[in-house]
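Trainee: This is the structure I have questions about; it appears just below.
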Amino acid sequence: GFESYKEARENKDSYICSKCGKGNETTKKNDDDKHPKGQDGDGIEENKSNENLFESKGVNLKERDVETIKEGKWLNDKVLSFAFEEMQQKHGSKDKKCIFVNPVITQLIKVSTDEKDIKGAIDDIGLRKADWLFFPVNDNHTDKEGGSHWSLLLYSQNENTFYHFDPICGMNDESVTMLIKKLIDSGKKIPEVKDVICPRQRNSYDCGPYTLMFAEKIAENIEAGREITKIRDCDAREYRIKLRNKIEEKTKPKEKRLKEDKNKESDEKKEEEKEVTKTNEEKMEQKKVERKKECWHFTNKECKFGDRCRDEHRNKCREIIENGYCFDNNCRLGHPIICNDIYKTGRCKRVLCRHFHPINLR
């Protein structure tokens, strides 16, 4: 085996099978056939799991890393690194400067015995200049790969206070103490450490999602000016789905993303065109209604075309019916032709007069 996790990373192409003890020091194609197929817990994994899905700012995700997001799995440091990098981009440039420290850097500071390495890591990421520092803490106390629990350590520069959010109360106290000792600034007073009452996981594998949810909600509280310890509505299952969707979105091939964006823009443009067309059609229909002339036959007597009539069948104006006149120039009601004799004399001598006789003029 290797002496450290760093050494193992540097020699990642030279693995050791946990069952047969044979190495992968040669790159012949037939070597894969001689080895047994990788099973759960084996030291070898399929080639597909070693393919890079996403790489940005030191975060290198593989298929096997994404598999840890599934329900019932422990999130590994690669997935936490990805999530913290996303939070850094989303919350890191606000008025209150927040730094989301990579889990690998957190582990390096915690377990390192070299003061120069520790000071270098702290200076490189500007820990002394930030207002808020987010540290994902693992219960592994060595520089080798391992650990089985995550929690969140938050530091407020202005308050000189550490806040520990542990989804299993007391589980990570020893690791947090180790880290705090390395982070203490000799130029300041000894900081206060507070164990925060926060939502707890209900199983043995959701510490990773809870740690990420704590960080996300605290950052939102800081931006909104709310109390940082007020954390509600932590749903690990829902967060796993959200995290996986975000990774899948990032890992889509560039061409596919461009195509989807183009299709989306095209769909939006079509929708806009439909709205414009619909609006224009409504306006045209309204104009047609406005332009329709009054059906003389319906207003004065009877229209034989009924609903098929191309002219408008309007209800009779009450003013015309009662008094024989209407002073509303914009009236859209039916105005039948008034009998001329009724207007002049108030009487009509015709037996079958074709024109209208207003009620008050008869």
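Every residue, even glycine, has its Cβ placed from backbone N, Cα and C.
Worth saying up front: this structure is predicted, and the values here are computed from it rather than measured.
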Trainee: Which residue range, 128-154, 182-208, 290-316, is the one TrEMBL calls zinc finger?
Mentor: 290-316
Trainee: Per DSSP, what is the residue tally for the zinc finger (290-316) in helix, strand and coil?
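Mentor: DSSP composition of the zinc finger (290-316): 10 helix, 3 strand, 14 coil.
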